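Comments concern the structure below.
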Amino acid sequence: MAATVRPLEKYRRIVIKIGSALLVDRKSGLKKSWLDAMCVDIAALKAKGVEVLVVSSGAIALGRTVLNLPAGALKLEESQAAAAVGQIALARAWSESLSTDQIIAGQILLTLGDTEERRRYLNARATINQLLKLGSVPIINENDTVATTEIRYGDNDRLAARVATMVGADLLVLLSDIDGLYTAPPHLDPQARFLETIAEITPEIEAMAGGAASELSRGGMRTKIDAGKIATTAGCAMIIASGKPEHPLKAIEAGARSSWFAPSGSPVTARKTWIAGQLLPAGSIAIDAGAETALRSGKSLLPAGVRQVTGTFSRGDTIAILNASGREIARGLAGYDADDARQIAGKKSAEIAAILGYAGRTAMVHRDDMVMTAPSGARSEEGGNEKKGKLHA
């Protein structure tokens with residue numbers, strides 16, 4: 001079979017998940033030369049205009065090496081102690097290796113709850129987006145020092161998929177000691193076939209998943225397929241590849257064996273379809289004609305264009321946006337609680353801090369969190385009843 005070249009530079013934003021066994025050796029500790037080579041690959045992508053995020057395993061594995069903990073399963077408190085020690089060493093290692101190419105690393109510790117609870121989700125996304133805007137590479141890991149369920153049952157494959165959907169990435173790369181998906185475990189079945197392209201994750205594909213690879217890694221093919229379901233449903237492609245080569249990303253681009261999972265549409269389309277599909281908006285915001293014009297030209301909704309706030313909703317809830325005639329023209333995720341939104345309605349963004357007592361976000365509803373549900377010039381149904389508009393991204 002001819003090698004399949006996969007140019008990564010065609011993607012806008014890539015999340016790379018790195019397994020523990022790639023970063024940490026049980027006896028010698030951190031694999032510094034591998035990490036340095038990986039950072040060279042990341043720098044090459046950034047030089048081509050690609051935004052890169054890293055979900056890095058290895059804190060517990062590195063910490064247990066530093067603390068000289070015995071081999072085998074760790075108790076919960078031992079895992080948390082290992083994470084506390086290992087996270088410092090891991091962050092320092094990433095920072096030093098990336099700095100060789102004048103790249104600044106930013107550390108973010110998450111739990112799965114941070115990607116599922118709306119307020120924490122929005123805060124985490126805003127921080128990550130700001131780091132990317134500033135040219136930094138976010139280095140993300142589970143907050144294993146305080147998490148309990150995540151340490152015992154969690155994994156960074158699924159966390160990486162949630163991060164990819166949260167930031168609207170168009171590619172997720174899972175690097176470990178597994179080079180892709182086979183129809184059966186190849187070390188058990190010599191007839192196992194390698195699957196290079198997976199158009200859809202079917203029950204048959206799910207049945208091919210296996211178990212964890214080693215005590216240093218909590219992931220296996222099962223969690224990678226689960227991650228694939230999360231990512232591809234949100235419009236993000238996924239690659240499973242071996243990270244064993246010293247330049248794993250360059251190896252993928254050169255045609256090294258890997259499995260590619262096709263996305264379902266684009267990240268923007270998937271996200272906006274979800275927003276438009278919310279059946280019961282928590283509230284509504286009425287806007288003036290000028291704000292409607294701005295929204296239809298692709299801009300965010302600013303407080304100055306808001307005329308009325310209706311309902312009780314929290315930041316991150318889905319709300320309807322009504323034009324001056326009372327017609328729903330868009331839906332989006334609220335940037336403020338209802339009470340705060342009422343206070344700043346009609347006000348300039350520069351006045352927000354003085355009114356609320358804190359410097360909030362500039363937009364009432366950011367354009368990335370909004371979808372137009374009615375085309376320009378649409379008229380209300382006779383009798384005032386409205387038909388829900390189609391998706392207009």
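Counting begins at 1 with the first residue displayed.
Just so you know, glycine gets a Cβ as well, placed from its N, Cα and C.
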Matching residue for the substrate site, where Swiss-Prot names ASP144, ASN156 - out of SER56, SER57, SER95, SER242: SER57
Same-site residue for ATP (record: Swiss-Prot; known: SER176, ASP177; options: LYS10, LYS17, LYS347): LYS17
SER176 (ATP binding site): tally of other CB atoms within 10 A of its CB: 27
Cα distance (Å, whole number) from ASP144 (substrate binding site) to LYS17 (ATP binding site): 16
Average model confidence [pLDDT] within the domain 'PUA' (282-359): 95
Three-state secondary structure, SER57 (substrate binding site) (per DSSP): coil
For ATP: widest Cα to Cα gap among LYS17, SER176, ASP177 in Å: 12
Binding-site residues compared (LYS17, SER57, ASN156, ASP177) - the one with the fewest other Cβ atoms within 10 Å: ASP177
Structural state of ASN156 (substrate binding site), classified by DSSP into three states: helix
